[in-house]
Amino acid sequence: MSSVAVLTQESFNEHRSGLMPEQVGGECASPSGAEDEDALPTYKDAFPPLPEKASSPDGVQEVSNAWTSKMRPLKSSVITQVFHVPLEERKYKDINQFGEGDQAKVCVDIMHKTGAHLELSMAKDQGLSIMVSGKLDAVMKARKEIVSRLQTQASATVAIPKEHHRFVIGKNGEKLQELELKTATKIQIPRPDDSSNHIKISGTKEGLEKAKHEILLISAEQDKRAVERLSIDKVYHPFIAGASNKLVNELMQETGARISIPPPSVNKTEIVITGEKEQVALAVSMIKKIFEEKKKNTTTIAVEVKKSQHKYVIGPKGNTLQEILDKTGVSVEIPPNDSSSETVILRGEPDRLGQALTEVYAKANSYTVSSVLAPAWLHRFIIGKKGQNLAKITQQMPKVHIEFTEGDDKITLEGPTKDLQMVQSQIEAIVSDLMNRMDYAEISVDPKFHRHLIGKGGANINRIKDQYKVSVRIPPDNEKSNLIRIEGDPQGVQEAKKELLELASRMENERTKDMIIEQRFHRAIIGQKGEKIKEVRDKFPEVIINFPDPAQKSDIVQLRGPRTEVEKCSKFMQKVVAEMVENSYSVSVPIFKQFHKNIIGKGGANIKKIREETNTKIDLPAENSNSEMIIITGKKANVEAARNRILAIQKELANITEMEVSIPSKLHNSLIGSKGRFVRSIMEECTGVHIHFPTEGSGIDTVTIRGPAEEVEKAKRQLLSLAEEKQTKSFTVELRAKPEYHKFLIGKGGCNIRKVRDSTGARIIFPTAEDKDQELITVVGTEEAVHEAQKELDSLIKSLDNIVEDQMTVDPKHHRYFVARRGQVLRDLADEYGGVMVSFPRTGTQSERVTLKGAKDCVEAAKKRMLEIIEDLDSQVTMECIIPQKFHRSIMGPKGTRIQQITREHNVQIKFPEREDLQGAPPPDAPIQENGEPNGEVKDLADPAAPKKCDIIILSGRKEKCEAAVEALKALVPVSIEVEVPFELHRYIIGQKGSGIRKMMDEFEVNIQVPAPELQSDVISVTGLASHLDRAKEGLLDRVKELQAEQEDRALRSFKLTITVDPKYHPKIIGRKGAIITQIRTEHDVNIQFPEKNDENQDQITITGYEQNAMAARDAIQAIVDELEEMISEDITLDSRVHARIIGARGKGIRKIMDEFKVDLRFPQSGAADPNLVTVTGRPELVDEAIDHLLNLEEEYMADVVENESKMVYMKPSGTASSAGAAEEHRGPSKGFVVREAPWTTPNEAPDMSSAEDFPSFGAPVAAKASPWGPKHCGGLGCPDFSCLCIGHGEMNCYL
């Protein structure tokens, strides 16, 4: 990678100023303005080449942070194990976030999941040591989780015969689970239907080896081939395996046997050999030979090596040990990590031990430890943001480990001696530079103000940091510390300290006020997406408004800020809340469900109009809801108005009366009953009645009853009776009966229960579908009446509990009627008569016997009802009703509603004929043809007078019922009438996109047909039921009258007159943003049109409207013109320097003057001939007053202008063009950056293409040359002087 750097003379001088004194001593001696060519730097001085090829790092190491997490105390546990995760196998390598981030979250999750206790520490090689404490199973589970989630995963496959897989799995998978837990790996065994014999293992390298070894052992045990186990001391295993398993692989290849040597981490001495007998025997002999030879020839020496240096002897992934074994043939035995021993044992042939010992000591001593003194508060500046500063050093020297310890005034370095010295010099230079440039200060602020100093989202503290280029550390809440530390540039530290102290002082003088606002209003005050509360905060920017968390259910809203601002904000919030309280008055209005659609209107027109005109919120229940309550919310007066309008609609649609009854308010709760049981029982008994009690606590005695007149009277009597009972002495008893008996106890139409009430005077209340206890029956009344009613009901319930079985005879021809429609008739009987069970014989048995089972009274009643039904069926007749087929759809009504109503009312069955196929029918005037029958007979000619089959509707039922139903059907046949409507009004009747005519058709339930425009006919046809036609005709004629009145009104409104006004007055008549002309238009209800720009008559204003209104508008305009003609304009001279102050911010000042003196002011535009000329227009006396005021302002403002200009004379210019020009003239024209001996100055000399110096290849060594830029080792990023800028021709150019 290459880059281009452009230097100017100034930047080069600035760069040179950062070099060491001995580097620039000679250069600084020459005069700055010398023209001597020798003073110019050479090209190679200015652009030195990069030094010799630096050793490329193995990898970029990331910087280690101090291990700041506190050691958690060990809990009492069964066992403790320590696991080590090397750096190269760590999944999360961001060591700047040690103790936090994803790694910490994973550890916490493992502790929660397994119950084990984890403690993490970071080793100097940046590996991770994890101490796990807990019970054995918890530790093993935690180990598995650690390996899978904190360590990078490798994978391997092992092939064993398919038939051995089940032994690896074990019974119920126990062996596999044990194996996974033991080796901390994930083992995937192919499914039985998969032909593969490869088992996949994923986990750490160490775990893979263990798992592979265990699986091969299991397979070997099950293998029918020869298996040999050799017990050989563990110390000789490395000689048999060879360096990196080289020797054992050669043995396996040579013998063909499988040799399994336990890995170093498994403490087993047994080597397992499997294969053919000859192969195993050969392998065993060869292994024994190696063992005997090594046992005989090898000896050992023990040396002491510091425990901290063991890891350097082992090397990454044990590579160094393998390297020593390969090079010298000596095995090096290192004590385990959890052992405190420092003894390292070397085993091998005597003549090789010396070489191996040298290698061990060389590796152990290849790293040294040093420290640099640096105040602890400077550590994070040395590290830099996200470790950037330190990364520049470690990228160049990746083998050096830099460790910072919190609270310690030193930095520990560890690494190769040569690299460590370079890093140490660089860090010392950084520390020295920071000590010269940085300062710190500490201030004491009460912790309760800390979060306010920080501000919302850190706004305040971030602003101070950015403004003064400092770092501010505010202690967290859990530290309970007063001390705030400021670090950075000395001047910035002092300024930041001053501002923070001022903020803290101001906060001490602040006031906090708690307002009690009901939580239900909080969301409304905050508004959607916080829009409303933002407006309040903008209005009171110094006040902080805190709302409680919705989950807390708190009503306290906290205001904090300057005392006066908090008071103002509090008053404003109280006013807002008061308006919300006023607008939250709510009332529920009971409206019959069938009238809800009329209240809504077509497309919601009615309800929308009521909402807009009364400014209320109206909520209707859902269509599928049984509720009839409409809820109105808003101001009390508006709510009452909306309520009255909705009730008026209902009253108009139905025969609804309203009655008020006076009942003492103290009795209201007892009359309503628990969950409204008593009042609901009255409303259920008196169909269609709504009883409305006043709000609890209002003290009003009036109770409103609304509904059909007869039912209202009935409800009134019952309500007064109940109130009288409550006043005298009310007594209540509760009975229980099975829910299926309730209907029978009530009786058809309530006849049974009415008898009990009439005879005893007690009120009996049955549970509703919403009640939880469906068996509870409540009896209310005087004690005597209640006891009497209780006795009667008890006897009835007791008789219902007496189950009997009875039989009756029913002709089989009627069976189908009872069992049809999935036994609907039988289900109705069971509901009505206490759950009585009726059993009919099976189809095809021709039996007449029907069985009834249930309570005795219920069975008798059901039997009686069935006999009535049979009598009806026996007396049924079939009757025909002839109605042309074209009317059938109209008779049926939408979704068959009309025909269903007739069926229910008259208890008949109605069957409509099939529709006639009009396509296949011959034309009416076609001659009738005779067709021969197959038997040769000729069909009789059809009687033309006979009714068509498709016109005959068949009814079946009792004769009198069928006759009534026929009359009802004929009444539904639509009739047509014609209405005379002038042709020119047709389009208004139709309305926009047919909306007018659709509205009339929906309202009157008729079809209105308007003739086509080309017919020019005045006749409109109206088709519908006879009962609807008169109303539709009347409505149509009313509409005609309305349209004719509108036509006449339009003619009157189209009166037009013209007034001549000088165009210069037009803007004044229009007014600011059209205010004046809009007022005239609104006041006189006219349209006023000004001439367009291109009109010939620019002085003509047209007024359209009623004649009288147009005249009045003309007079109003003329009055304005007369007033304008009386005005004068005077020009005055005001110094242009004061214009801006007179006009004010956004014209505020000039508007104030114009409003005060009733004049118009015109200031000159930029570029005007006379910039001081101001025009004042208005009445003469007002113009004079305004001019005097303007001249006074000029005199006042000019004094300030003169004073400011006099001050400017003594102020130093801030780099103006003139000063810049002078400097340029003194310095002479810039030549840019000039160097000597540059390649481009010798154009005749061709470059040497074969020169490695002129054209170096990437990575090739370049002859070292002395560099004037400092030490030879400077490669850019490692330079100890942080002000350097290194430019060369190699792979990297850098800027620090």
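Including glycine, each Cβ sits where the backbone N, Cα and C put it.
The annotation compositional bias 'Polar residues' is assigned in TrEMBL to 1-11.
What TrEMBL records for 1-62 (among others) is region 'Disordered'.
For the domain 'K Homology' (152-220), the mean pLDDT of the prediction comes to 84. Annotation source TrEMBL lists domain 'K Homology' at 152-220 (among others).
Residues or ranges marked as domain 'K Homology' by TrEMBL: 224-292 (among others).
For the domain 'K Homology' (297-365), the DSSP counts in helix, strand and coil order read 37 helix, 15 strand, 17 coil. Summarising the annotation, TrEMBL assigns domain 'K Homology' to 297-365 (among others).
The annotation domain 'K Homology' is assigned in TrEMBL to 366-432 (among others).
The feature domain 'K Homology' is assigned by TrEMBL to 583-651 (among others).
Here TrEMBL flags 655-724 (among others) as domain 'K Homology'.
Secondary structure by DSSP for the domain 'K Homology' (729-798): 38 helix, 15 strand, 17 coil. Taken from TrEMBL, the feature domain 'K Homology' applies to 729-798 (among others).
Among the features that TrEMBL reports, domain 'K Homology' is placed at 802-871 (among others).
Here TrEMBL flags 875-974 (among others) as domain 'K Homology'.
Positions annotated as region 'Disordered' by TrEMBL: 913-942 (among others).
Marked as domain 'K Homology' by TrEMBL: 975-1041 (among others).
Here TrEMBL flags 1053-1122 (among others) as domain 'K Homology'. Counting residue by residue with DSSP, the domain 'K Homology' (1053-1122) contains 38 helix, 15 strand, 17 coil.
With DSSP classes pooled into helix, strand and coil, the tally for the domain 'K Homology' (1126-1195) is 37 helix, 15 strand, 18 coil. Taken from TrEMBL, the feature domain 'K Homology' applies to 1126-1195 (among others).
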Going by DSSP, how much of the domain 'K Homology' (802-871) is helix, how much is strand and how much is coil, in residues?
37 helix, 17 strand, 16 coil
